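Take a look at the structure below.
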């Protein structure tokens with residue numbers, strides 16, 4: 001039952017969510033409407049009928065999903081081996097089985113449906129993968145820890161059996177009788193309806209303390225249960241020895257070795273493997289998101305390839321290489337009659353049948369091709385200008401060289417002319433006569 005205020009509030013919430021259903025975004029509008037409808041149904045028809053109704057709707061929805069899933073995937077057409085190996089189909093089949101158990105056996109089984117959130121949320125799925133991805137390493141390290149616990153249990157059973165004493169809280173044998181007597185006393189008006197309980201004796205020194213290492217099996221269970229759960233190891237539950245005892249040094253070494261080897265090294269190895277795996281999964285996720293943000297899904301070109309171009313990267317992934325347009329084209333090729341294919345559609349259909357992706361424009365884009373053509377034209381124009389300048393310079397040098405040649409020729413002629421007109425005179429020495 002509800003107070004009038006909350007009753008009216010639920011009706012108002014249902015009406016408002018129904019009115020805002022076409023206005024709000026699809027997901028939030030449906031969620032708000034379903035929540036208000038479920039709460040209103042629980043307080044209108046009762047919890048059990050509402051649970052039966054929701055369970056029936058959920059089971060019917062899941063069966064329809066399984067039928068559509070099998071039809072789209074062609075699970076049974078691939079054989080029973082493919083059915084067993086298809087983990088996604090097995091998962092949805094188990095989901096439907098849980099719905100059946102919750103509807104016809106007990107409502108407790110509905111609680112298992114909450115684990116569907118793990119499969120839907122990628123972060124939670126990475127948490128599970130951090131344990132299962134390196135499961136072999138974790139299992140082998142856990143086996144090593146069991147071996148060490150077994151060795152320490154044997155040592156404790158042989159040398160420190162009397163130190164394994166634990167305080168326990170036993171249930172009183174007369175507890176049930178006391179409760180029954182109290183119940184009778186509440187219904188009876190007489191004060192002496194229950195016999196007087198015998199007085200308890202004073203507790204001895206060893207009351208509430210048990211020996212937990214009298215057998216090797218019990219010693220292994222104690223070390224495994226108490227040693228791994230205590231921060232200081234098995235030494236936290238053992239008797240505190242006196243320094244005068246002969247095995248005091250051995251006991252200190254035993255406690256320290258268990259603490260350093262099992263608690264600090266082995267358990268931290270397991271935790272380190274899990275934490276490192278989770279960090280690797282997070283890095284992989286960030287890397288994938290970075291690739292999707294900085295590169296085209298169709299051609300694989302990165303964002304920097306479109307810097308200083310006529311088409312930006314955002315325009316390229318929205319108009320030139322829109323991945324949804326390619327998906328629509330693939331669906332068109334699959335559903336269209338092959339006799340009505342055009343040339344490109346026929347080519348793409350043959351490539352899809354061969355599972356060949358060469359028809360995708362890998363590392364190519366029309367905008368970059370046109371820009372490359374313009375760049376080539378500009379380069380050719382600049383080369384032509386450089387060639388013209390070089391030809392002009394060569395002609396100038398040729399003319400200068402010709403002029404220099406003419407000057408050299410003229411100078412040679414002048415020298416020859418001077419040689420004919422005035423030859424150099426020789427010095428004659430006259431010999432005196434006697």
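Residue numbering: from 1, along the chain as shown.
Backbone N, Cα and C atoms are what each Cβ position is placed from, and that goes for glycine too.
Taken from TrEMBL, the feature transmembrane segment covers 6-25 (among others).
As annotated by TrEMBL, domain 'Ion transport' applies to 33-285.
Feature annotation from TrEMBL assigns transmembrane segment to 37-60 (among others). A Cβ distance under 8 Å defines the sequence-distant neighbours of the transmembrane segment (37-60), meaning residues of its chain 6+ beyond its ends; these are 1-2, 7, 10-11, 13-14, 17, 96, 99-100, 102-103, 107, 110.
Annotation source TrEMBL lists transmembrane segment at 89-117 (among others). Sequence-distant contacts of the transmembrane segment (89-117) (same chain, at least 6 residues past either end, Cβ-Cβ under 8 Å): 51-52, 55-56, 58-59, 62-63, 65-66, 69-70, 73, 75, 83, 124.
If you look up TrEMBL, you'll see 138-160 (among others) marked as transmembrane segment.
Annotation source TrEMBL lists region 'Disordered' at 187-207.
Residues annotated as compositional bias 'Low complexity' in TrEMBL: 188-201.
With a cut-off of 8 Å between Cβ atoms, the residues of this chain six or more beyond the transmembrane segment (256-279) that come close are 126-127, 129-131, 133-134, 137-138, 141-142, 144-145, 148-149, 152, 227-228, 231-235. The transmembrane segment annotation in TrEMBL covers 256-279 (among others).
As annotated by TrEMBL, coiled coil applies to 366-414.
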Please give the sequence-distant neighbours of the transmembrane segment (138-160): residues at least 6 beyond its ends with Cβ less than 8 Å from one of its Cβ atoms.
131, 213, 216, 219-220, 222-224, 227-228, 234, 238, 247, 250-251, 254, 257-258, 261-262, 266-267, 269-270, 273-274
